[in-house]
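The next block holds one structure in the form of C-alpha cells; read it before the comments.
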Amino acid sequence: MGSLLSQLGLECGRKEVKEEERHLRANDREFNLSYEYADNAIKTSKYNIFTFLPLNLFEQFQRLANAYFLFLLCLQLIPEISSLSWFTTVVPLVLVLSMTMAKDGSDDINRHRCDRQVNNRKVEVLIDGELRSEKWMDVQVGDIIKLENNQFVTADLLLLSSSEPLNLIYIETAELDGETNLKVKQALTVTGELEDCIEKLANFNGEVRCEPPNNRLDKFTGTLTLKGEMYSLDNERVLLRGCTLRNTQWCFGLVVFGGPDTKLMQNCGKTTLKRTSIDRLMNVLVLSIFGFLAVMCLILAVGNGIWEYQEGSKFAAFLPKQEGVNAPFSAFLTFWSYVIILNTVVPISLYVSVEIIRLGNSFYIDWDRKMYYPKSDTPAEARTTTLNEELGQIKYIFSDKTGTLTQNIMTFNKCSINGKSYGELLDFSGQRVEINEKTEKVDFSWNNLADPKFCFHDHSLVEVVREGNPEVQAFFRLLALCHTVMPEEKKEGELYYQAQSPDEGALVTAARNFGFVFRSRTPESITVVEMGELVTYELLAVLDFNNVRKRMSVIVRSPEGKLTLYCKGADTIIFERLNPSCSKLKEVTTEHLNEYAGDGLRTLALAYKDIDPKYMEEWKLRHHEASTAMDEREEKLDALYEEIEKGLLLLGSTAVEDKLQDGVPQTIEQLSKADIKIWVLTGDKQETAENIGYSCNMLREEMTEVFIVSANTAEEVRKELQTARRKMRPDGPEEPTVTKSRSGLFCLLKTETVADEPVDGEYAMVINGHSLAFALEKDMEMELLRTACMCQTVICCRVTPLQKAQVVELVKKYKQAITLAIGDGANDVSMIKAAHIGVGISGQEGMQAVLSSDFSFAQFRYLQRLLLVHGRWSYLRMCKFLRYFFYKNFTFTFVHFWYGFFCGFSAQTVYDEWFITLYNLVYTALPVLALSLFDQDVNDRWSFQYPKLYAPGQLNQYFSKRAFVYTVLHSGYSSLVLFFIPWAAMYDTVRDDGKDIVDYQSFALLAQTCLLIAVSIQLGLDTHYWTSVNQFFLWGSLCVYFAVIFTMYSNGMFLIFTSSFPFIGTARNSLNQPNVWLTMLLTSILCVLPVVAYRFLRILLWPTVNDKVRYKVRQDKVLPPAPRRVQARRTSTRRSGYAFSHAQGYGDLVTSGRFLRWTPKSRPALFSQTDSPLAQTQPQFYRTINEGGEPPLSP
Amino acid sequence: MMASNYNAKEEDGHQPAAIGHGGAGTVKNKKPDNTAFKQQRLPAWQPILTAGTVLPAFFVIGLIFIPIGIGLFVTSNNIKELEIDYTGVDMSSPCYNCSQSYSWNSTKPCTCSVPFSLDQPFESNVFMYYGLSNFYQNHRRYVKSRDDSQLNGDKASLKSPSKECEPYRTSDEKPIAPCGAIANSLFNDTLELYYIDPNGSRTAIPLVKKGIAWWTDKHVKFRNPGGNDNLTVVFQGTSKPVNWRKSVYELDPSDPDNNGFINEDFIVWMRTAALPTFRKLYRIIHKKPNMTPTLPLGRYILEVTYNYPVRSFEGRKRMILSTISWMGGKNPFLGIAYITVGSVCFFLGIVLLIIHHKYGNRNHSADIRS
C-alpha cells in the first residue's frame, strides 16, 4: 500500500499524461522547461511536516487490523451498543499507531537526510557560458555538466566529450548492476570535438530526441540533431546516474533524464513485499477467528433475543426497556456489543508484538559474532526484519557457485614441469605435509615486481627457476605470454592485472612471481621482464579460445627472431596434438594430472612449438585470407589453427585451485543432514560446476549415479530426464502425484503440490543451461521437478539469471516448500528476489545481490548458523508466541462468553474495564515478549550437533491449523475452569465477617486475578529457557498487576476520578479473604494439571527429536563436543580437469587495441592520486573484464 | 510498507562498506559486542518435564489438596444455615396473598408471618440475609444505571445526575436522588424475627442494621452531600426515586449516621451482585454476652412486610440465617473440589508412574540421529 501511495505521489508530482518522446535542446533552459521535465532533485521521502500526520494515519488505517479497531471505536461511540468504555480501544490503538508513526517518522527523517545530502552535492554546470558550481537538485534537463574523475554521475547524461583519446571514458557500474569491472563509453565524434572548450560547449545547441524515461539499463535509443545532421544515439553514449567516473580526467555530458526520470530511480520502487508462511497462515487464522467471533456473537445475540422476550419483558419493573427497543432489535444491538467485548480474540497487540519479536530476532543476527567476518569487517545483517521465522522452515537452498561456494579466488597451487611435480611439501620420509597458515612461504623478495599476496610453499621451484632450468623458464614464459590479460601499471612497479578469467589471472601472477613478469602489451607486442631483463616479444597471432577448441595459443617472435607457438588448454586436447617424442613425459604428466584432479584442482596442460619462419609467412597469408573470407570464415580459421597447433612439445601442466570458502563442505553436510536440499545454480561450465560439486561434497564418488542431462532438443531432454527417473524409481508411477488444494484468504489460491517420491540410494543430477531451457517449458517442468527432487544434489550449470529465477519459481510452485536463494553477484538478483528468502554474500562482487537480499553475510558457512540456530530459534519462538498469545486471549475472551449466559446476554463484561485495557498491553505483554525473544530449546552447539532438530520447522509442526485448533480447545477448557470454579466457589457465600463478596466487582476481581495467574503459569510451562529477564518480567508483571489494582481501587483514585474508578475498595476487601485465595489456587492447578500430564505423557510415549535432545542435554550436563573439523574428502578418480573459464573473443579484443589504453610511462601523474579503490579490495590484483554489451554471467 | 527499496544513500555507494575501499583503518571495527545478551548466551534455568519432577509434584499436590479439602468441607458443614423462601408462590404459603396484590404505591403495607423452627441452636454472631433469585442485578444496563459522583455527595451531580441514570434521571423535572435503576429498585421488604417461647409469647430478636456494608463503601464511596446534617435541606429540589415510598433522607431518620446515601441497607443494595441469584446481608444478630446461644433451638416467626414484587419475573425471595466461619458462609463446593482435585492428582500420579515404569526407557536410549 505504501508503495502504491508513494508511486501515486510521484506520479502526481509529474505529469498526468504519459511522456511519449523526450525532446530537449542543449543549453536552452526555456525550451526544455516548456516540457516540464523533472529536474534532478530526487525525493525518496514520503512525507513532509504537514502531510506526515494525515498521510501516515491514512496509510496506517489501510491495514486491516487498524481499520478494524477504528471500526470498533466507532461502534463504541454508539451509547446503545457501547459495552466498554472508549479507552479500552483507544489506548491500545493510540499506542500502536504512535509506535508505527514514530518508526515511519524516523525512517522518513533518514530518507530526508539522505535526499538532502544527495541533492546538495555540487557539480559544475555550464550556465551562460561559464562553469558554475551548482547543487545537484538545481540541474535541469538540457544542461551541460562537467564531471571529473571519481565523481558520481549526476543524472543520466549524453556523453559529449572527454579527456581521453577517442572520446572514451571509463565508468564503474557497481551501484547500478553490481559489476565491479570498468566499462567503456564513447562519445560521438562530432560532439567529441567540443573537447573542454567552454565557448564551443556553450554554443552547442544539439537537439536530442529520445525514448521516454524507462527502467532498462542496457538500452537507449535516440537521435541527436546538430546543424541539420542526425546522429543516432545508443547505450554506448549514455552515462547513467549511479555510475562513477574512473580513470578519466574529465568529461562533459548533456543531461537527458534528471532525478526521478533517471534509469536508476526508475529501477527501484517495485519491491514485492515478502511475507512469511506464518504471516499467511495468520491471515487465514485471523479471518477464521473473525468468523468464529461472529458465531459467538450470534449465539449470544440470539440468547439475548430470547432472554429479552422471556425475562426482560417481565423484569421491566426493575429494568425498564429502552425506548423503541424490542427483542429482535435488542438482539441486534447486543450482537455489536459483543463484537466489542469479544474483540480481544484478535487483539491489535498481536501484530505489534509479532513485529517486535521479528525485529528482536533480526537484531540477534546482526549481533552474532559467529557470523562476523573479521577479514572484511562484515557483520551479518538482517536487511529484512520480517522474515525471520521462515529461516527455520527452509526446505530448498539454491546457491550460486562463484563467490558463494567458492571465494572466486584462483590460486596457482601446483604444477608439473617436465615430469616433475612442484607445489607439494614432503617431509623427510616422503610423506605429504599438510599445508596450513604456518607453513613457511616462499620468499619472493628477490623479485621486486612480485605480487606480495602470492604465496607458494615449495621452495624447490624457485630454486630451479633461478638456476636457469630451460624447461621451467619456458614454462613460465608461456604463462607470461599466452593469455589475454590486460596489465595496468599505476605506479612504476605496481602492476595490476585485469584478467578475463580468474584462472588466467592466477597463472599470469604465478609467472610474475617466478620472475617472468608480464609488463605491458600493445596489439603487436608483449613486454615481459624475464628474470629482471626487459624483453619485448612481437605478437604475431592469437589463436583464440573457444568452446570446441578448448585451448588458446599465441605465436610470438622473440627479440632473437625465434618464432614460437605457445599453447595452453585442456589436457585431453593438448595430448592429442603432441609430438610423439613426448609420450614418456605425457605419461608422467598424466599421472600428475590425475593427482591434481583428485585434489579438486583445475588443470591445464601447456605445450609449445618452434615454428619455421617461412612456414609462418605462408601461414600468415592464409590466415589473413581466411579471416577476411566472406563465407565459412570460422571453419577456415579453425582448420588453419588446427594445422599449426600440431606436433606440440609438452611443457607440463598447471593446477589452479578454485578456492572453496572456508567450511563449505561441512556446511553442506550439516544442511543436508537437516533435510535441506541444496541446488547449485551457476553460470559456470559443466566441468567447473561438477568439479566444485565434488570438492564441496555435494557429489560423491559413492553416489549410486550422477545423471548428466545435456541434450540439444526438447525430446532428448525429456528422454534423459525420464531415463534418470526410471532408474531411480523403476516402479514409480508415470504420472506425478499431485495434490490440489486451496489456500490463502478466502481459499482463493489454488495450489498444486507434487508429493515427494522416495528413492533408494543417492543420486545426483547435473543439467546444463541449454537443457534447462527445454526442461523449464510448461510441458516438461513437471518432469524436471520430479527427477530433480528425487536427487540428493542438483547442479544446474550455464544458467542465465532468468533461468535461476525460473527454477526457484518452479520449486516454489509445485513443492509448497520454503526456498532460500544465496548468491553474491548481480546475476543472482533474480533468484534472490524470487525465493522466499534471499541471502546475499557481501564482499566480493559488488553490492547488487546484497541490496536485493533479505539477509547478508560474508561467508557461505554462516548459512548453517543462520538456519540451524537463528532460523530455528526464530521459528520456535514465533510459534510459541503465537500459540501462547492465542491461548491467553482466547481464554480471556471465552470467559466473557460463559458469563453471557448468567447476565441475561447483556454484554456485561466479567472484568474491570481497566483490566481489559491493560491485560494485553501491560500485564501480559512483557513476559510473552521475553519468552519469544529469549527462549531456546537447546543452545547453539547442540543445534549444530543435531541438525535433525531443524525438521519440525520444515514440516510446519509447531504452528499449524491443527496446533491452532488445539490451542482453541485448550483455551476453552481453561476458560471453563476460570469461570465456573469461581462461580461455584462464590455462589451464595459471604465474607468471613458476613458481608457481601459475590458482588459484581469482587467477582470481577477474582476472575481476572485467576485468569492472570493461570496464563502466567501457562507461560511458565511454555518457557524452556528461564533467563533472569524472563523471571523478572513474569514476576514483575504479576507485581505490577497487584500494584495497579490496589492503586486503581484506592480511595484516592476514586475521589479524584469518581466515575472512572468505581471499583474502590474491592481489592482490599476481597484479597484478604482466604476462600478467594483458595479459589485462585484451585483454578491455577486445574488449568495446569491436564497440560502437565499431557505433556509428560507425550514426552514419555512419543518423544520428538527435540525432547530427546533436551533430555540428553539434561543427562549429560556437559557441552557437546566442539564441532569437529571435517577433513575435506579427497576423491581419487580423475575427472575432466578442464576448467578454463574463458569466453571466446578476447583474442580479438587484445589484438584490436580497443582496451589498450594504458601507456603507463606516458602519464603517470594521473594515476598517482587515483588509486583504483577496487584493486585494493580484490585479494589478488586482477579483475575480470566483461565485454560491454554482454549480459553478465557468472564468470 | 516501505515505498521503495531505494535509498538515496545507497545510490552512490556511500555505505560504510564502500568507504572501506579507500580509507581503510579509519572505519570503526564493526565486530558485534561480546555480551551474553547479544550473543544469546544469557545464563538460564532450563527445566524439563521429567519423571523426577512431575510425579512427585502430582503426589505432593494430592497430599496437600486432600487435607485442605477435608478441612474446608468440615468447616463448611459446621456452618449452620437456614433458608426460608417467603415469596408466596404456593397457595399454602402465608405470603401468598401479599404476593398476589402488590403495587409500588399501595399505602397499606401487606404483612405476613412465616413460622419456622430451628432444630439446632445458632451460636456466635448470626447473620440474616435476604436472597433474590432470577434477579438480573448484573445486567449491563442495570449495572451502569447509577451515578457514583452523586452517591459520593457531589452537589453538581445531585442537581443533574449522569445520563447513565436514564430513565430514572429526573422525575417531574426534578433530579432524582439517588438516580438510576439500581437505586430505584431498592429492596424494601422489612423482615423481623420473633422467638416463640415455649409458653407461646413472642420475643423480638434484636436485629442490628449497622455494620452490614463494606467500610470503604460506607466511609469513602458513599457520602451525603454537604455532610450528614440536615439532609432535608440538602436534598431539597430533588425527587425521590419513582418506586420509593419515602425520600432518601427518610431512610433512617432516627440515625443521622445511617441516613441518606450512607444508609447501609441502601449501600448494600447498591453493590450489585455478580450473578442472578444472590443474597445480601440484611441484619446482624449479635451473640449474647453469656453462654446462651444467639438463636436457641425452638420456634420462630418471620414477620415480613411484603413490598417487593418478584412474582412478575418468576423471582424468589428468601430469608437466610447463617453463622459464619473463617472461610465465610456455607459453601461445600470448595471442600469437595479440593478433595476431588487432590484425589485426581494422586490417582494421575499413580497412573503416570505405572506408564513411566512401563515405557519410560524409550527416552533414555537417546538414540538420536545426529
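Placement of Cβ uses the backbone N, Cα and C atoms for every residue, glycine included.
Database features (TrEMBL):
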- A:Asp400: active site, 4-aspartylphosphate intermediate (ACT_SITE)
- A:Asp400, A:Thr402, A:Asp824, A:Asp828: Mg(2+) binding site (BINDING)
- A:25-90: domain 'P-type ATPase N-terminal' (DOMAIN)
- A:84-102: transmembrane segment (TRANSMEM)
- A:284-307: transmembrane segment (TRANSMEM)
- A:327-352: transmembrane segment (TRANSMEM)
- A:881-902: transmembrane segment (TRANSMEM)
- A:914-934: transmembrane segment (TRANSMEM)
- A:963-983: transmembrane segment (TRANSMEM)
- A:1003-1021: transmembrane segment (TRANSMEM)
- A:1033-1057: transmembrane segment (TRANSMEM)
- A:1077-1097: transmembrane segment (TRANSMEM)
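TrEMBL feature annotations superimposed on the structure.
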residue: A:Asp400; record: active site, 4-aspartylphosphate intermediate; Cβ within 10 Å: 29
residue: A:Thr402; record: Mg(2+) binding site; Cβ within 10 Å: 27
residue: A:Asp824; record: Mg(2+) binding site; Cβ within 10 Å: 32
residue: A:Asp828; record: Mg(2+) binding site; Cβ within 10 Å: 35
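Each residue in the domain 'P-type ATPase N-terminal' (A:25-90) gets a DSSP state, and the totals come to 34 helix, 1 strand, 31 coil. Within the same chain, residues 327-328, 330-332, 334-336, 338-339, 342-343, 345-346, 743-746, 886, 897, 900-901, 904-907, 961, 964 sit at least 6 positions outside the transmembrane segment (A:284-307) and bring their C-beta atoms closer than 8 Å to a C-beta of that stretch. A contact between the transmembrane segment (A:1033-1057) and the transmembrane segment (A:1003-1021) is present, since 3 or more of their C-beta pairs, 6 or more residues apart, lie under 8 Å.
Across all of the domain 'P-type ATPase N-terminal' (A:25-90), the predicted model scores a mean pLDDT of 83. Taking pairs at least six residues apart, the transmembrane segment (A:914-934) and the transmembrane segment (A:1077-1097) share fewer than three Cβ pairs below 8 Å and do not count as touching. Taking the C-alpha positions, the distance from A:Asp828 (Mg(2+) binding site) to A:Asp400 (active site, 4-aspartylphosphate intermediate) comes to 7 Å. It is A:1077-1097 that, among the stretches A:881-902, A:963-983, A:1077-1097, forms the most Cβ pairs under 8 Å with the transmembrane segment (A:1003-1021). Between the C-alpha atoms of A:Asp400 (active site, 4-aspartylphosphate intermediate) and A:Asp824 (Mg(2+) binding site), the distance comes to 7 Å.
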